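> Structure incoming, see below.
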Amino acid sequence: MAGKVKWVTDIEKSVLINNFEKRGWVQVTENEDWNFYWMSVQTIRNVFSVETGYRLSDDQIVNHFPNHYELTRKDLMVKNIKRYRKELEKEGSPLAEKDESGKYLYLDFVPVTYMLPADYNLFVEEFRKSPSSTWIMKPCGKAQGKGIFLINKLSQIKKWSRDSKTSSFVTQSTKEAYVISLYINNPLLIGGRKFDLRLYVLVSTYRPLRCYMYKLGFCRFCTVKYTPSTSELDNMFVHLTNVAIQKHGEDYNHIHGGKWTVNNLRLYLESTRGKEVTSKLFDEIHWIIVQSLKAVAPVMNNDKHCFECYGYDIIIDDKLKPWLIEVNASPSLTSSTANDRILKYNLINDTLNIAVPNGEIPDCKWNKSPPKEVLGNYEILYDEELAQGDGAERELRSRPGQSLGPKGSRLRDAGRTVLTTWK
């Protein structure tokens, strides 16, 4: 389509604006005709609100799905994954198989989690089974480590309840909802420090599901060496990897920002644990991401004007088992280091190359499966249409940690690489 793209954003970040200007796009206000709006989650709520009566035209696209929170709100993500497991179980899917103790063999990738106040009685029952465990409490709708704390006694929850002016956990209240999850107290450590992975995943459509993994993810390290000691439960520099918290620590390094690239992690693990187990670990991480997206796909409003770049947070335990901690709808575009700035600029550049082909005025009927040469540092993680064409046999061969058979873990079809083609 002829003409220049008219853009708007309510997120004033240089990595965004520089990418728009590089393309020769024209900045306008939200009250003018626009084609591309990179917006906050608060704004997307208003845009798709029934009350506003706003309707997007065919030449407008935005960077969030209307109900992205089905994946990015901590309580709803867990709820959808639990529902997904039960549906697979009901269908008799081999993916829902359990071991003798009742644990899922292939879908056990989220720590045991309860919603508070709704699931308080269920939580107490579980807590009493293993009273020496540590649990982590998080507000459902906050980010950057805000409002998070660890507990190892029921009395701590009761105190929190009183402090929050909540009379009872048994009934629903107007107070802020929390999730409480079993704390992964045996994290893989490097240099004695806990870390997590921040991985970027772009979804162009949920039905059919098509998603892309960004190759340049990174690890975020704590500044203080890890200890499971109860005396350090309140020390968030030991337990939380969020840069928003760690940058206030005495030992925070402003040059590298306490970060490693995922490629460096891979090389480290290959040299210390071996290539085979490292490959298996990354296969399982890809598996987790695809299954989490499949879990929310049926309830996601797959609006044709939308795409979304998510920030996945994964923790690896000392047995090299990956755990999905949460998914962020607005991964930080703030640059804490020079390398960070380059990474995030390239992330936005590659995202725009897929979402707005050739930098031209968008068409909501855009080709959501672009050719490989425009992907940049993205790789196709899962393409439902290709996977369906591969038959049910792949479902049985592609469970995490198992060989994918003679085809391997990569399927090349029509010039596109599919990293994981799990059914």
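In case you wondered, yes, glycine gets a Cβ from its N, Cα and C as well.
So Swiss-Prot says this about it:
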DOMAIN    1-367  domain 'TTL'
BINDING   Lys138, Gln144, Gly145, Ser181, Leu182, Tyr183, Ile184, Lys194, Phe195, Asp196, Thr241, Asn242  ATP binding site
BINDING   Gln144  protein binding site
BINDING   Arg220, Lys259, Lys344  L-glutamate binding site
BINDING   Asp313, Glu326  Mg(2+) 1 binding site
BINDING   Glu326, Asn328  Mg(2+) 2 binding site
REGION    391-423  region 'Disordered'
> How big is the gap, in Å, between the Cα of Glu326 (Mg(2+) 1 binding site) and that of Lys138 (ATP binding site), rounded to a whole number?
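Answer for this pair: 11 Å between alpha carbons.
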> Do any of Leu182, Ile184, Lys259, Asn328 (binding-site residues) have a CA within 10 A of Asp313 (Mg(2+) 1 binding site), and if so which?
Asn328
> Could you tell me the C-alpha distance between Ile184 (ATP binding site) and Lys259 (L-glutamate binding site) in angstrom, no decimals?
21
> In terms of Cα spacing, which of the binding-site residues Arg220, Lys259, Asn328, Lys344 are within 10 angstroms of Phe195 (ATP binding site)?
Arg220, Lys259
> Using C-alpha atoms, which one of the binding-site residues Lys138, Leu182, Asn328 comes nearest to Arg220 (L-glutamate binding site)?
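It is Asn328, whose Cα lies nearest.
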> Taking the residues Arg220, Lys259, Lys344, which the record names as binding L-glutamate, find the longest CA to CA distance and state it in Å to the nearest whole number.
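This binding site's residues have a maximal Cα-Cα distance of 15 Å.
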> I'd like to know the mean pLDDT over the domain 'TTL' (1-367).
88
> Return only the integer: C-alpha distance in Å from Leu182 (ATP binding site) to Lys344 (L-glutamate binding site).
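So the alpha carbons of Leu182 (ATP binding site) and Lys344 (L-glutamate binding site) sit roughly 32 Å from each other.
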> Where the distance is taken from Cα to Cα, which of the binding-site residues Lys259, Asn328, Lys344 turns out closest to Lys138 (ATP binding site)?
Asn328
> What is the Cβ neighbour count of Lys259 (L-glutamate binding site) at a 10 Å cut-off, with all protein chains included?
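Result for Lys259 (L-glutamate binding site): 21 other Cβ atoms within 10 Å.
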> Looking only at C-alpha atoms, tell me how far Lys344 (L-glutamate binding site) is from Asn328 (Mg(2+) 2 binding site), rounded to the nearest Å.
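On Cα coordinates alone, these residues lie 15 Å apart.
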> With DSSP assignments reduced to helix, strand and coil, which class does Ile184 (ATP binding site) get?
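The three-state answer is coil.
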